[in-house]
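Undergrad: I have a structure I would like to understand better, so I am pasting it below and will then ask my questions one at a time.
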Amino acid sequence: MNNQEGTIIEISGFKYNPSQLTVKPGETITVINNDLVGHTLTNDSGLFDTGLISNKNKVTFTAPENPGEYPFHCTPHPFMKGALTVQ
């Protein structure tokens, strides 16, 4: 979701919200963990990784500069998946 703070991905109920999003190259993305357990947002190819985000915390990272689709997952919970599209 986009708001005055930029692009935000929230984690709640073991899901990314949104799980599919489109951003501009180099855009700053904030990931907020609203779950009771730690999560990551890790690109499948390792281009970006938030590291473990503990509950009620947030981390920012920069979207890749090259256009394309970048699938991501949660390292401790690999069933959590999403994709970042850069265009």
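Heads up, the Cβ atoms here are built off N, Cα and C, so glycines get one too.
Just so you know, TrEMBL annotations never went through curation; they're auto-generated.
For His39, Cys74, His77, Met80, the entry in TrEMBL reads Cu cation binding site. Annotated domain 'EfeO-type cupredoxin-like' per TrEMBL: 8-86, in sequence order.
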Undergrad: In three-state terms from DSSP, label Met80 (Cu cation binding site) for me.
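TA: In three-state terms, Met80 (Cu cation binding site) counts as coil.
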Undergrad: Around the recorded Cu cation site, report the further residues of that chain (criterion: Cβ within 8 Å of the mean position of the Cβ atoms of His39, Cys74, His77, Met80; site residues excluded), sequence-ordered.
TA: Ile11, Phe14, Tyr16, Thr40, His73, Thr75, Pro76, Pro78, Phe79
Undergrad: Applying a 10 Å Cβ distance cut-off over all chains shown, what neighbour count does Met80 (Cu cation binding site) have?
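TA: Here the count is 20.
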Undergrad: Please give me the CB contact count at 10 A for Cys74 (Cu cation binding site), counting all chains in the structure.
TA: 25
Undergrad: Which entry in the list of binding-site residues, His39, His77, has its Cβ near the fewest other Cβ atoms, using 10 Å as the limit?
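TA: Relative to the other binding-site residues in His39, His77, His77 has the fewest Cβ atoms within 10 Å.
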Undergrad: Let me know the model's mean pLDDT on the domain 'EfeO-type cupredoxin-like' (8-86).
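TA: Taking every residue in the domain 'EfeO-type cupredoxin-like' (8-86) and averaging pLDDT yields 98.
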Undergrad: Helix, strand or coil: which one is Cys74 (Cu cation binding site) in, per DSSP?
TA: coil
Undergrad: In the domain 'EfeO-type cupredoxin-like' (8-86), how many residues does DSSP call helix, how many strand, and how many coil?
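TA: Computed counts for the domain 'EfeO-type cupredoxin-like' (8-86) are 0 helix, 40 strand, 39 coil.
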